[in-house]
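The structure under discussion appears below in the form of structure tokens.
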Amino acid sequence: MAKQEDLFRNVISHAKEYGYIFASSEIYDGLSAVYDYGQNGAELKKNIRDYWWKSMVQLHQNIVGLDASILMHPTTWKASGHVDAFNDPLIDNKDSKKRYRADVLVEDHAEKIYQKAQKEIEKAKKRFGDAFDEEQFVATNDRVKRYLSERKEILERLGRSLTNEDLKDVKALIEELEIADPDTGSKNWTEVRQFNLMFGTKLGASAESASDLYLRPETAQGIFVNFSNVQKTGRMKIPFGIAQTGKAFRNEIVARQFIFRMREFEQMEMQYFVRPGEELKWYEHWKDIRLKWHLSLGLGEENYRFHDHDKLAHYANAAADIEFNYPFGFKELEGIHSRTDFDLKAHEEHSGKKLRFYDPELKENYVPYVIETSIGLDRMFLAVLSAALKEETLEDNSTRTVLKLPAILAPYKAAILPLVKKDGLPELAQDIFEELKWDFNIQYDEKDAIGRRYRRQDAAGTPLCITVDHDSLEDKSVTVRFRDSMEQKRVLITELSEIIAEEVDFKKWLKSE
Ligand code: ATP
């Protein structure tokens, strides 16, 4: 565990040192759970957003984009259920005065039990070697069976009590499991209460005439209220999707995991409108596509797992998360939800406007069902950053810090480095920069010895370094150094564009899975 914590600390400090993430308004000591993206972070974030957007919108004839506003008519949130039900169960520790999400305390406890089972499995794997049959072991080993069923019972009971809004039982569960404050070990808890996560604000100049608004807690509702606008003007036929990226705001109770849980964050969501009755087929389809999208980035298949929801949200008839193995364990990265016709129907009722589709094949008018894919851009950023950060020991026993970002996401695709700051090398390097800048985000760096510049680019995540030396003036060639393999290759200046393009080829990346 200590190692995991170290890794997380490294990720956070590396993110700051290399201009990826800063605390918001840091000169005033920051604002809790709000962060700014620095010069490299802004690029990485944009590249993740583009990779998502292209894979969803550009590659699908029947998916279009939208950019709805953050402020919406307040009835939107009444209809969607957020005013009444967008709550998290909150519990305070009376001794430490620390506040927690009651469900997360229970889930973390269940995860610990799961980890115990995993440990037994790992031990047995080592003991039995090749002859090990994991399925059989899990089915027959009493200890593992006990751990897994204990975990299942806990999560099912939690799911039941939350669905029934039985907060007394959530508290009882915490007591029965003897869950203690993770920071202090105290078991002196308050009752569990519901807390609404929406941020309120006012529209209008004077206090009396101002009306109450909310900052949107999800981007999805902007899609639902525009369903008919897009369907009619885009002449969309079911099934079709609307995709959107943008800011969302939640007054999170506990936000202590860097950019994993923020109060202002960005979502990338897609609502896919389908025929009623066909939703579960499409649900499986989108689970599959979304997992493939993640795997295409090469962060390691073992770092992803599906988690089916035990407690379904008020609008869903099936839901799963894609969890990522963060430095603090497997946690939700993306949600895939079968949202039924809940939202469109609710907006019909509250607005009095029809939100239907005339299906020419069925010759029928209906409210479509919806499959949603919803991923947090910041959580994706953290997944990429934490999987990419490596400390490597080299052949000569020296170490290097390298950020092995997928090249397609890297802020800078290449750095151009004149070997020395004289003899016409900077001029040639600048010429190369001027040529490549039209197609790629390139950095020019002439400060410090070449070895140090390589290390700096490794740590910043730049996939290629292009070194201009004295021979370059004669043979019109340069040395290309590859970040991950550290391999060096002499190539013609005229070949550079093609080499970089090959590294960041969208088709190659997305098709790799
Ligand atoms: P959690 O259970 O972790 O609070 P959630 O189930 O409430 O998340 P959704 O409402 O399904 O999350 O939101 C969709 C996605 O938005 C999540 O999968 C996550 O990636 C992202 N997200 C949600 N809340 C936050 C947050 N506070 N900070 C950053 N990203 C978030």
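Heads up, the Cβ atoms here are built off N, Cα and C, so glycines get one too.
No curator has checked TrEMBL annotations; they are predicted automatically.
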Matching residue for the substrate site, where TrEMBL names ARG101, PHE265, GLU266, GLN267, MET268, GLU269, GLU372, THR373, SER374, ILE375, GLY376 - out of GLU135, GLU150, GLU218, GLU323: GLU218
Of 107-134, 163-190, 443-470, the range TrEMBL labels coiled coil: 107-134
Filtered binding-site residues, from ARG101, ARG250, PHE265, GLN267, THR373, whose Cβ is under 6 Å from an atom of ligand 1: ARG250, PHE265, GLN267
From ARG250, GLU252, ARG261, LEU377, ARG379: binding-site residues whose CA lies within 10 A of ARG101 (substrate binding site): GLU252
Candidate with the highest Cβ count within 10 Å, taken from the binding-site residues GLU252, GLU269: GLU269
Binding-site residues (ARG101, ARG261, ARG263, ARG379), the one with most neighbouring Cβ atoms at 10 Å: ARG379
Protein Cβ atoms within 10 Å of LEU333 (ATP binding site), excluding its own: 22
